[in-house]
Amino acid sequence: MWAVLSLLCAGAWLLGPPACGASNLAVSSFEKLHFKSWMVQHQKKYSLEEYHHRLQVFVSNWRKINAHNAGNHTFKLGLNQFSDMSFDEIRHKYLWSEPQNCSATKGNYLRGTGPYPPSMDWRKKGNFVSPVKNQGSCGSCWTFSTTGALESAVAIATGKMLSLAEQQLVDCAQNFNNHGCQGGLPSQAFEYIRYNKGIMGEDTYPYKGQDDHCKFQPDKAIAFVKDVANITMNDEEAMVEAVALYNPVSFAFEVTNDFLMYRKGIYSSTSCHKTPDKVNHAVLAVGYGEENGIPYWIVKNSWGPQWGMNGYFLIERGKNMCGLAACASYPIPLV
């Protein structure tokens, strides 16, 4: 029986209490110039009062980024679309409020004994990984992890790449213990698609990034799930086998203070937990490899292609980093 998971789907850049911690910073003219350049890049406009607040938050973030990058780490941070946001705002807009019970995700995956290829990247095998999407300010990462895995599964089985409807999962999957923008689990979403007899395409059920009434039309379903492979909790080697031999794998992990501004490199953290009750963001492992003796996962995120490494990140493999092996699964498509 798995513990209760309290999931979020956006990440958390810990600024301390930003409203007070960042409000008294002495800002240089260079920092102001850099902020204005960032505003242009990200098409940001503020009132005069809000400008001063955003400037303080931005400078606080930027200084933390520079301090991190000056240290000896396996990954770098960088400015991105979240750089003018405080932790409280991120928590309000992105973090899930509904706890998720992983007891429904009991392991049924039987792994072999290997050996497995030293590296794998489904993106390089053909058109088997759909483009990076953007969940916006809705805790719907679980829907993007779900559709990404099923899009890959269908493409691997048929050679046809689909774009599936995350909004259908947001609106319609509540009976499988999912809660729209407040949270959910890919394993439960796969079960919903399986018993619901399909999921529609993005073109017929477009993404809104907010909770709405279910508008599923069975005759317009274009992808179906035959079964769900749920990997035994904390069996990271089974995740390697699944990604190597079968399909990209959906998983959840705990985002902590230094992840939101990730730019490149192999992410690792000493502040996150390895327990299933702390994971808070769902993503998709599309491959794995090793660099300078450090094994890593190649992971597709849902924060748009401008975030991280063109929408992807690397995270250390083999240590259950941030609980990433706690809740892993992938769909077996009905084709």
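Note that Cβ sites are derived from N, Cα and C of the backbone, with glycine treated the same way.
If you look up Swiss-Prot, you'll see CYS141 (among others) marked as active site. There are 30 other CB atoms within 10 A of the CB of CYS141 (active site), with all protein chains counted.
Under the three-state DSSP scheme, HIS281 (active site) falls in the strand class. Marked as active site by Swiss-Prot: HIS281 (among others).
Per Swiss-Prot, the feature active site maps to ASN301 (among others). Around ASN301 (active site), a 10 Å sphere centred on its CB holds 27 further CB atoms from the protein chains shown.
Swiss-Prot lists CYS102-CYS327 (among others) with the feature disulfide bond. DSSP assigns CYS327 (disulfide bond) to coil in the three-state reduction, placing it in neither a helix nor a strand.
Listed in sequence order, CYS138, GLY139, SER140, VAL170, GLY209, GLN210, ASP211 are the same-chain residues at least 6 apart in sequence whose CB falls under 8 Å from the CB of CYS181 (disulfide bond). Residues or ranges marked as disulfide bond by Swiss-Prot: CYS138-CYS181 (among others).
The number of other CB atoms found within 10 A of the CB of CYS172 (disulfide bond), across every protein chain shown, is 24. DSSP classifies CYS172 (disulfide bond) as helix under the three-state reduction. What Swiss-Prot lists as disulfide bond is CYS172-CYS214 (among others).
For CYS272-CYS322 (among others), the entry in Swiss-Prot reads disulfide bond. The Cβ of CYS272 (disulfide bond) lies under 8 Å from the Cβ of PHE253, GLU254, VAL255, THR256, LYS278, MET321, CYS322, GLY323, each on the same chain and at least six residues away in sequence. According to its DSSP assignment, CYS272 (disulfide bond) is coil.
In the structure as shown, the Cβ atom of ASN72 (N-linked glycosylation site) sits within 10 Å of 4 other Cβ atoms. Annotation source Swiss-Prot lists N-linked glycosylation site at ASN72 (among others).
Residues or ranges marked as N-linked glycosylation site in Swiss-Prot (evidence: sequence analysis): ASN101 (among others).
Cβ contacts within 10 Å of ASN230 (N-linked glycosylation site), excluding its own Cβ and spanning all protein chains shown: 21. Residues annotated as N-linked glycosylation site in Swiss-Prot, with sequence analysis given as evidence: ASN230 (among others).
What Swiss-Prot lists as signal peptide is 1-22.
In the three-state DSSP assignment, the secondary structure recorded for CYS138 (disulfide bond) is coil. In the three-state DSSP scheme, ASN301 (active site) is classed as coil. Just so you know, the Cβ of CYS327 (disulfide bond) picks up 26 other Cβ atoms within 10 Å once every protein chain is counted.
Close to CYS327 (disulfide bond), meaning Cα to Cα within 10 A, are the following recorded positions out of ASN72, CYS141, CYS172, ASN230, ASN301: ASN230. Taking the C-alpha positions, the distance from CYS141 (active site) to HIS281 (active site) comes to 7 Å. Spacing of ASN72 (N-linked glycosylation site) relative to ASN301 (active site) is 25 Å (Cα to Cα, whole number).
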